[in-house]
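Feature list (source: TrEMBL):
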- ASP407: active site, 4-aspartylphosphate intermediate (ACT_SITE)
- ASP407, THR409, ASP820, ASP824: Mg(2+) binding site (BINDING)
- ASP407, LYS408, THR409, GLU505, PHE547, LYS570, ARG601, THR681, GLY682, ASP683, ARG793, LYS799, ASN823, ASP824: ATP binding site (BINDING)
- 35-89: domain 'P-type ATPase N-terminal' (DOMAIN)
- 122-185: domain 'P-type ATPase A' (DOMAIN)
- 846-1098: domain 'P-type ATPase C-terminal' (DOMAIN)
- 65-80: transmembrane segment (TRANSMEM)
- 288-311: transmembrane segment (TRANSMEM)
- 342-361: transmembrane segment (TRANSMEM)
- 880-898: transmembrane segment (TRANSMEM)
- 910-930: transmembrane segment (TRANSMEM)
- 960-982: transmembrane segment (TRANSMEM)
- 994-1016: transmembrane segment (TRANSMEM)
- 1028-1052: transmembrane segment (TRANSMEM)
- 1058-1083: transmembrane segment (TRANSMEM)
Amino acid sequence: MKMLPQCAGEENWVDTRTVYIGHKEPPSGSEAYIPQKYPDNRIVSSKYTFWNFVPKNLFEQFRRVANFYFLIIFLVQLIIDTPTSPITSGLPLFFVITVTAIKQGYEDWLRHKADNAINQCPVNVVEGGEVVRKQSRKLRVGDVVLMKEDETFPCDLILLSTSREEGTCFVTTASLDGESSHKTYYAVQDTKAFTTEEDFDTLLASIECEQPQPDLYKFVGRINIYSDRNEPIARPLGSENLLLRGATLKNTQHIYAVAIYTGMETKMALNYQSKSQKRSAVEKSMNAYLVVYLCILISKALINTVLKYVWQADPDRDEPFYNQKTDTERQRHILIRAFTDFLAFMVLFNYIIPVSMYVTVEMQKFLGSYFIMWDDEMFDEELGERAQVNTSDLNEELGQVEYVFTDKTGTLTENNMEFIECCVDGHVYVPQAICNGQVLPGAMSMDMIDSSPGPGGKETEELFFRALCLCHTVQVKEEETVDGIKMGLHQGKSTSFYISSSPDEVALVEGMKRLGFTYLRLKDSHMELLNREDEVERFELLEVLTFDSVRRRMSVIVRSSGGELYLFCKGADSSIFPRVISGKVAQVKARVEHNAVEGLRTLCVAYRKLSVDQYEETCHLLNSAKLALQDRDKKLSEAYDLIEKDFILLGATAVEDRLQDKAADTIESLHKAGMKVWVLTGDKMETAAATCYASKLFRRSTQILELTTKRTEEQSLHEVLFDLSRTVLRQHGTMTRDTFSGLSTDCVDYGLIIDGATLSAVLKPSQEDSSQGNYKEIFLEICRNCSAVLCCRMAPLQKAQIVKLIKASPEHPITLAIGDGANDVSMILEAHVGIGIMGKEGRQAARNSDYAIPKFKHLKKMLLVHGHYYYIRISELVQYFFYKNVAFIFPQFLYQFFCGFSQQPLYDTAYLTLYNISFTSLPILLFSLIEQHINMDILKKDPSLYRDIAKNSLLRWPIFIYWTFLGVFDAVVFFFGAYFLFYNTTFTSNGQMFGNWTFGTLVFTVLVFTVTLKLALDTHYWTWINHFVIWGSLLFFVIFSLLWGGIIWPFLNYQRMYYVFMQMLSSGPAWLSIILLIVTSLLPDVVKKVVSRALWPTTTERIQNADKLYNGQLSEFTPLASLHAPTRRAADPQNAVPRRSEPLSKKTMFTHWRGGNDYCTFTPLLRFADNSRHLGAGYAYNGAGPETSV
C-alpha cells in the first residue's frame, strides 16, 4: 500500500517555483525573468475520455483472469470447429463486459459532469487595473483574484489583502479536512494596504515557493516586493498565508489573493490520489478455487483427448467415410489434430468455470452495501448522518475481523471537552456556578500547602488566569458589542461564543470565564480580556509559536499595557517540566498525576519574563527561520527550542473528555466475539490507561505489563522485553500460539502498555548486533498473548506501522482500524478494513475510509450483525456457484464415454447459454442479499457467535471439497439415473423413441430443479420475494422450454429441439424419473444435515433449533448461554457464579441477562445442553485447544 506521500521526518527538498504577481516582470537587473509553464486550472477527476473509453475499459476488464479466460475460449470457438456455438460463451461474456462497462461509464459520466460544473464556475480576476470575469479553468498561476464572502477558492492562493483593517480573513475548510471551525489567515504585511484594483496594477513582486506537495498543513515560501529601492523586501510565507482550493471565505467581505498552484497541482487535487485496492479474504479463496477448477477442466480435456485417440486406434472405429473428412484433414499431423481436439474438449467443458459468478458477486456486494446505509439503528439523530459505504468490495471482511485498532480521542471519547479544575501553585480551583453575577472560585486547597494563598499567591493566580486567556488561538464570534458581553455576564449569560480548531482550547478559555477572566477578542493585534474587577486589559500580541505534535506545546509573546514582555507557554507535562527552572513543581506534578489517573486531560502552564534585548534576539531567531525556504520546519523547531526555556511554572489544568455512549459495551462485545482490541493514541499514558479502564478494555483483574520509556531507562530494552515475554509465556505455558481468543484455560488476563518512543526502538533494525534483530518477534509474541494493548504517545505514522506489523505476523490476521481524525488516516489506509467516524476532528478519516459510521457504538452492529450476515451469504454464494457448475458439466463429461469422445454436446445451445444467466442466477443472488440464518437480535445479544465464522471457516478446503463432491454425486445420479431408467428405450405414447436431445433435456430438467431446490433447502429466512424468485425461476425454465421447442424459429439453421420438451412431458415414465432423480440427488445432503445437527450441532445450529421451537421469539426470553455447546470440563458447581473482577479461571464466563443485577441462573433448556446442569447459564468461553467447541 502507498503510505502518505511524505511522512514526518522524511521531507525531501523539492525545488522551488517563482511566481510573478500579475505576470509583471521584475525591475531590470534585479533577477532574471524566466516565465515557467504551469498547468491550467482544469480539474480532472474522471478516468476516461470519450475517445479512450472503449479500449481503456476493455483493457481493464480483460485484466481479470476469468474474463480473459472466457475471451480465449470464445476466440478458440471462432477459429476451430468446436462442438458448441461461439454464442454460448460469447453471449455471457458480452453480457458481463457490457453491464460492467455501463456501470463504470455512468460513474465516470457523473465525474465529468461534476468536473465541468467546477471548471466553468466564474471567477473575478484583476487585469490591467479592472476586474474581469473568467471561467475557473482559464485561471493561470500569477493571476490576482478578487474573492467575496461565502465564495469557494478556485485554486491555491496567497492572501495579499482583505477588507478587514488588521489584514486577516476567516475561512472554513470543511470540504478539505471537514473542520467546520473558522480558521484565521493573514495577509502579507506589505501588501495589506492595497485595497483597490488600481493599487494591484502598481504592485511589483515575485513569490518563491516550493513545488506543489500534498500536505495540507505545510507551505514554505517567501515574497519579494520591489519598491523604489534596489533591494527587494523579503517576507516569509507560511501555511497561515495560503488559502487552499475548496475552502470557503467567511466573515470577511472580500479579499485579494494571487494564484500560485492551479488545477491538478492544487493541494486538494494532490490529495485525490486513489487508495490502493484492498482485496478481501473471500476473493482470495475464490481465486484459489478457480485455479483448482481450471486444473480439473484441463485434466478432463486431457483424459478425453487421450481416450479419443485410444478409441480411434481400432481401424473399425476410425472416422467412417460418411463423416466426409477430406484427405488434407486426414494427412494433418497427429499432434495438430490432438491439439485441436484438446481445445474442442476445453470449449465443451468450459462452463465449469463460472463467469457469471463474478457478476453475481459484484452485484451482491454493490446491492448489499445499501443495507448498511439504510440501517436505521446506525442513524445518528444528533449529526443527522447515516453510515456510509465507500468501498463495497470488503463487506464480507467485516465478518472476519480479528484485531481492532482504535483511536481514543473522538473515537472512544466524545472529543467534547469540559473544564474540570486548575491547580495554581498547589491550590486547586474548581469553577462554580455564577451566583448573583459574581463568579465564585471554589478554592479547595491541597494539604501540602497553607490553604490561604499568600500575598504573592494572588499575583501568581492572576498571572495563571491571564496566561490561559492569552495563550491560545481561539476566535470570538460576537453577537453584540463589548458592552453587550459585559451585560451578558452580569445577567448570567454570555452573548458571544468561542470557536477554535481544538476543543481543548475552547474548554480552557470557557473555564477561565467561569473563574472570572473573560477573553473578549483580538483587535488590531491586541488581545483584550475582562478581569474580575470588570476592567478591560489589553495585551499586544507579538508572536505566536504555534502548537505542533512533536513539541506538544504552544507559546505566545505578549506586551502588557505597562510595557512588560511575557512569554506564556502551555503544553503537555512531559514537554513543560524539563524546561522549568522554578515554581512549585512537586505539588503541581502530584496533582497532574492524580488527574491523569482519573482520566482527565492535563496541560501545564508556565511563563518567562523577557527583557527587550532577549525579545529582539527572539525576533531575529524566528525571522531568519521563517524566511528559510529549505528545511523551514527544522529551523523553526530549533528556534522554538532556544526560545522556550527557563520557565517559571504557574500551574496545571484538567479537562475531561467523556466516553462515548455505549463505548464500553461495544468493546466488551468485541472481546466476547474473540477480537483483540488495541487502543492507539497520542495521549499520555495515565490518561489513556484511565480511559481504557473506563471503557472495559482493561478489567480490574487485568495484569498490566509496561513497556515504556520509564522502564527502559532503568533496564535495557533487551532485558525488559525478555522479562515480559517470560512473564507471559510462563503463564501460557505451551499455549503461546493460542487459538484465536488469546484467553487460555487458567491464565491471567494480561494488558500491555507501550509508548511511541519504545515502539520506535523495538521496530528499529539494529545494525551492530544481529542477536537483537528479533525484538519484533518477541514483541509480537508478547502482544499476541495479551488480551488488550494500549499504545500511547503515538505519531500518526507509528499507528500505521503497528497495523502493518500485526498484518505481517505469521497468522496474517484480518485487521480493522477505526478513527475520526486526519491523524488516523494512515492507519485506516493500512488496515484490511478502515472505518472512519464522522467526528468533530473533521471528515478526513471518514473520506479515506472504506466505511464511515456516526459513532463508535455502531461498530458493534456493523461487525456482529452486518459482517456476520455478509460473510455467511457470500460464502454460500461462492460454494453454490461451483457446486451448480460441477453438477452442470460433469454429465457432459460422462456423456463422452457413450458417444465415442466425439465432442457431442449433451445439452442444447440455448440451455448451455442460459443456465448460468437466467435459470439459476436470480435465486442465489437474492439468497445472498437477504438470507438471515439467525435472528438479528440474537447475533447482537450473543457476540460469541461471531467466532463460528472466524478465520474464513466457511470457505475452508474440506467444505469446498464437500460441495464439489456433492456436485459430482448429483451429476452421476442425473446421468446414470436417466441412462438406466431409459436403458430399454422407452416409447412415448405415440410410439416414438427417446433420442439424444430428449435424454439431454431430461438430464437438464432434473439438474435445474435439483440445484434450485438445494438452495431452497439451505434458506432459513423465507419472505415472499424468496418464494417468488425460486418458484418463478423454475416456472420460467418450463415456459421457456415449451416456447423454445414449440415453435420453428426462422433464424436457426437447425430445429433439433422442435417438440422435444413436449414429447418428453407426454411420457409418464419421464415424469416419474424426474421426480425420482430429484429426490435421490437431494437425499444425501439432507440426511447428512439431519444427522450432524442431531449428533454434533454447532452453536449456530442449536440456536436455530431453539428459535424454531419458540417460533422466532427466542430472542425475547431464552437464556442464550444455555444453548452454547457444553464445555469439555464441567465447571465446579460451588463457584458457578464468579464475581466480575475474577479472571476467567474456568472455561465459563457468565453473562448479564436483560440488565438484571445478579447473574442469572435460569434452569437451562436441558434438551439443548447436555452438561448444562452444572453450568447455570454459563458461556462456554473456550479459548484454548484447537478443537474449540464454540
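Glycine too: its Cβ is placed from the backbone N, Cα and C atoms.
Here the Cβ of GLY682 (ATP binding site) has 22 other Cβ atoms within 10 Å, regardless of which shown protein chain they belong to. Most Cβ pairs under 8 Å to the transmembrane segment (1028-1052), among the stretches 342-361, 910-930, 960-982, belong to 910-930. Scored by C-beta pairs under 8 angstroms, the transmembrane segment (910-930) has its highest count with 342-361, from the stretches 65-80, 342-361, 880-898, 1058-1083.
Counted within 10 Å of its Cβ, the other Cβ atoms near ARG601 (ATP binding site) come to 23, all protein chains included. Its own atom aside, the Cβ of ASP820 (Mg(2+) binding site) has 32 Cβ atoms within 10 angstroms in the protein chains shown. Of the recorded residues, PHE547 (ATP binding site) and ASP820 (Mg(2+) binding site) place their C-alpha atoms 20 Å from one another. If you measure from the Cα atom of ASP824 (Mg(2+) binding site) to that of ARG793 (ATP binding site), you get 13 Å.
A separation of roughly 10 Å, to the nearest angstrom, links the Cα atoms of ARG601 (ATP binding site) and THR409 (Mg(2+) binding site).
It is ASN823, among the binding-site residues THR409, ASN823, whose Cβ has the fewest other Cβ atoms within 10 Å in the structure shown. Less than 8 angstroms from the CB of ARG793 (ATP binding site) sit GLY682, ASP683, LYS684, MET685, ASP755, GLY756, ALA757, each of them six or more residues away in the same chain.
The two recorded residues the residue listed as 'active site, 4-aspartylphosphate intermediate' and ASN823 (ATP binding site) have their Cα atoms spaced 9 Å from each other. With a 10 A radius on its CB, ASP407 (active site, 4-aspartylphosphate intermediate) counts 30 other CB atoms from all the protein chains. With helix defined as DSSP H, G or I and strand as E or B, the domain 'P-type ATPase N-terminal' (35-89) counts 27 helix, 0 strand, 28 coil. Helix, strand and coil content of the domain 'P-type ATPase A' (122-185), in residues and according to DSSP, is 7 helix, 33 strand, 24 coil. Mean pLDDT of the predicted structure over the domain 'P-type ATPase C-terminal' (846-1098): 91.
Recorded residues ASN823 (ATP binding site) and THR409 (Mg(2+) binding site) have their alpha carbons 11 Å apart, per Cα-Cα distance. Counting other Cβ atoms within 10 Å of each Cβ, the binding-site residues PHE547, ASP824 show the lowest value at PHE547.
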